[in-house]
Amino acid sequence: MAIANKNIIFVAGLGGIGLDTSREIVKSGPKNLVILDRIDNPTAIAELKAINPKVTVTFYPYDVTVPLAETTKLLKTIFAQLKTVDLLINGAGILDDHQIERTIAVNFTGTVNTTTAIMEFWDKRKGGPGGVVANICSVTGFNAIYQVPVYSASKAAALSFTNSLARLAPITGVTAYSINPGITRTPLVHRFNSWLDVEPRVGELLLEHPTQTTLECAQNFVKAIEANKNGAIWQLDLGQLIAVEWTKHWDSHI
């Protein structure tokens, strides 16, 4: 999918990976980039507008843990303004296994609810035009960082949800793929809290191994958007973009 002239909603588009990805997106010339984030950052919004003045960059405060009805109401406002939305990026995430319920609420339930809400406007069974969902999951959805089992499980759940969305595309008209970054140097990594403090130095230990920058991750993210492959499981690790071939161990046969 060419980004040029598209309308894009980016949930958590001002975070570490999110902000660099927003920068790369506006360089590609979308018509509108709507950023939904819990914390306002006027400086970052101004920077994004300055990168490409032809792009309309809009900010709305949004917490992914709000009830589904509130998300639907916000999206109704956005759709009334833009008329159409081509791509939804779900990027909200926290990494703190001390906060079990919030980790699940942000990393998994928030992704599900935001996606469910936009189906009201996209689902072809309701006369919608369809759309594309890009969910930021994690390589920990493939193989857990066992010291942060809650985070890893929440990302595995988001990945499974995304894979199901892709399979439902013939019914809904909505395609989906997952973005799975490896260890990326962001403030999130430095604030690691392991489950029950089983490894207080988990963040430090991870950073002792090869990592990638947020810019490297963002540049590959844009390549994945442009590829627009329904059902793709993209691994963004060490500055590389890799299409993961998922091994099927069981099939429901329905």
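From the backbone N, Cα and C atoms, a Cβ is placed for every residue, glycine too.
As recorded in Swiss-Prot, the features of this protein are as follows:
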| type | residues | note |
| --- | --- | --- |
| ACT_SITE | Tyr151 | active site, proton acceptor |
| BINDING | 10-33 | NAD(+) binding site |
| BINDING | Ser138 | substrate binding site |
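For the pair Ser138 (substrate binding site) and Leu19 (NAD(+) binding site), the C-alpha distance works out to 17 angstrom.
In the three-state DSSP scheme, Phe10 (NAD(+) binding site) falls into the strand class. Of all the binding-site residues listed (Leu19, Ile25), Leu19 has the fewest other CB atoms within 10 A of its CB.
For Phe10 (NAD(+) binding site), other Cβ atoms within 10 Å of its Cβ number 25. Secondary structure at Tyr151 (active site, proton acceptor), as computed by DSSP, is helix. Closest to Tyr151 (active site, proton acceptor) by Cα-Cα distance, out of the binding-site residues Gly16, Ile25, Lys31, is Gly16. All protein chains shown were included, and the count of other CB atoms within 10 Å of the CB of Lys31 (NAD(+) binding site) stands at 16.
Of all the Cβ atoms in the protein chains shown, 20 others lie within 10 Å of the Cβ of Gly16 (NAD(+) binding site).
Least crowded of the binding-site residues (Ser22, Ser28, Ser138), judged by neighbouring Cβ atoms within 10 Å of its own Cβ: Ser28. Of all the Cβ atoms in the protein chains shown, 28 others lie within 10 Å of the Cβ of Gly13 (NAD(+) binding site).
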